[in-house]
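**Student:** Pasting the feature list from TrEMBL:
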- Cys53, Cys57, Cys60: [4Fe-4S] cluster binding site (BINDING)
- Cys97, Cys129, Cys189, Arg261: [2Fe-2S] cluster binding site (BINDING)
- 347-365: compositional bias 'Basic and acidic residues' (COMPBIAS)
- 38-266: domain 'Radical SAM core' (DOMAIN)
- 314-365: region 'Disordered' (REGION)
Amino acid sequence: MATRHNWTKEEILEIYNKPLMELLYEAATVHRKHHDPNTVQVSTLLSIKTGGCPEDCGYCPQAARYHTDIAGNDLMSVSHVKAQALRAKSAGSSRVCMGAAWRNVKDGPEFDNVLEMVRTINKLDMEVCCTLGMLTENQAQRLAEAGLYAYNHNLDTSEEYYKEVISTRGFEDRLETIDNVRKTNVTVCSGGIIGMGEKEEDRAGMLVALSTLNPQPESVPINALVPVEGTPMEEQAPVSIWEMVRMVATTRIVMPETQVRLSAGRTQMSREGQAMCFFAGANSIFAGDKLLTTPNPDVSEDMQMFKALGLNPQKPFTKKSKPETVEATDSKYNSLGEKPKWSRPGHIIERNKVTEEKQKAKAKA
Ligand code: SF4
């Protein structure tokens, strides 16, 4: 079946709610048509700048306003990043994803350093991904020129529920950044989080937004919320393995060629649960003991699981060839120092406000 870009919410909900065995069978069949079922791509996520973010994402311990116990740090040095990338490579990772807790990328020395990190990791023959917030087209072009393989920018949830999670930027800003990345040869990684209090309709709505992009994202991370104390979502009930399996299987069916990535929330899943997700079409994981700031299984535990399941880590540049790296001195792009007018919808999200006030009072006491 050809990849469709016209899925409706109703069709996706119907798939999501199929009897589980039927859903698993269908997803596994689609998976085998498009991918080697015994190969799983392994990414290492590296937080190159942690905490102090001005945004109000209700799930995120890095938002400055929630004052959670996350130790913040300034931008890592290029040499530190290189050492971490080499360690990840020797542990079986084919991709390094660098995350910075920024609202958007600002031209200047910090971005220049990130570009140097991209060049350095690409030269190690690893796929390089970045997640740095909102991007202009010029910034996307500069990242592409440095050798970036993928840019992550999650839609998080449906357009409707987005307004219950984040008030400091709009859903359309996310789409605009994805569009800017699409103007380059960098691949798109975009997914979301389940367990934030959204309805099944919102899960389907997010998959409509992702699957109707043309082309569809090359990677789709599916996260289960890890509720962190101090954030507005600290009391959310954990999602069940069945919800995770259904979400993975549905994503696989509506986006047959994408790499579906099991992301945050894997520590709460048993090996059997993860195996079921692989069967349902997940073919990528984040490795390493930390996912930006939330815990994650240790790499050696993952490799034991791979051995038990007969899975092999995917080699880098299997899906697309290695990008060229242009040195900074040969760049054909200038830093434009643009100050784009990203939206600030500024609507009130009750649970975010309550948490912010509570944390302010705590800091004063
Ligand atoms: S998810 Fe990203 S943008 Fe939102 S608060 Fe956290 S670091 Fe900032």
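Any Cβ shown, glycine's included, is placed from N, Cα and C.
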**Student:** In the region 'Disordered' (314-365), how many residues does DSSP assign to helix, to strand and to coil?
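**Tutor:** With helix first, then strand, then coil, the region 'Disordered' (314-365) has 18 helix, 0 strand, 34 coil.
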**Student:** Can you tell me which of these binding-site residues sit near ligand 1, meaning the Cβ is under 6 Å from at least one of its atoms: Cys53, Cys57, Cys60, Cys189?
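**Tutor:** The binding-site residues passing the 6 Å Cβ test are Cys53, Cys57, Cys60.
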**Student:** What other residues of the same chain, not counting Cys53, Cys57, Cys60, have a CB atom within 8 A of the CB centroid of the [4Fe-4S] cluster site?
**Tutor:** Glu55, Asp56, Tyr59, Pro61, Gln62, Ala63, Ala101
**Student:** Between Cys189 ([2Fe-2S] cluster binding site) and Cys57 ([4Fe-4S] cluster binding site), how far is it from one CA atom to the other, in Å?
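**Tutor:** Counting only the Cα atoms, the answer is 19 Å.
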**Student:** Within 10 Å of the Cβ of Cys53 ([4Fe-4S] cluster binding site), how many other Cβ atoms are there?
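**Tutor:** There are 22 of them.
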**Student:** To see if you understand the setup: which same-chain residues, six or more apart in sequence, place their Cβ under 8 Å from that of Cys97 ([2Fe-2S] cluster binding site)?
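**Tutor:** Listed in sequence order, they are Ser43, Thr44, Leu45, Leu46, Cys129, Cys130, Thr131, Ala150, Asn152, Cys189, Phe286.
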**Student:** Using a Cβ-Cβ cut-off under 8 angstroms and a sequence gap of six or more, which residues of the chain neighbour Arg261 ([2Fe-2S] cluster binding site)?
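**Tutor:** Those within reach of Arg261 ([2Fe-2S] cluster binding site), by Cβ under 8 Å and sequence separation of 6 or more, are Gln41, Ser43, Cys189, Gly191, Ser219, Val220, Pro221, Ile222, Ala282, Ser284, Ile285, Phe286.
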**Student:** In the three-state scheme derived from DSSP, which category covers Cys57 ([4Fe-4S] cluster binding site)?
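**Tutor:** Coil, per DSSP.
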**Student:** Using the Cβ center of Cys97, Cys129, Cys189, Arg261 as the [2Fe-2S] cluster site position, which other residues in that chain lie within 8 Å, going by their Cβ?
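**Tutor:** Going along the sequence, the neighbours come out as Ser43, Leu45, Arg95, Thr131, Ala150, Asn152, Ser219, Pro221, Ser284, Phe286.
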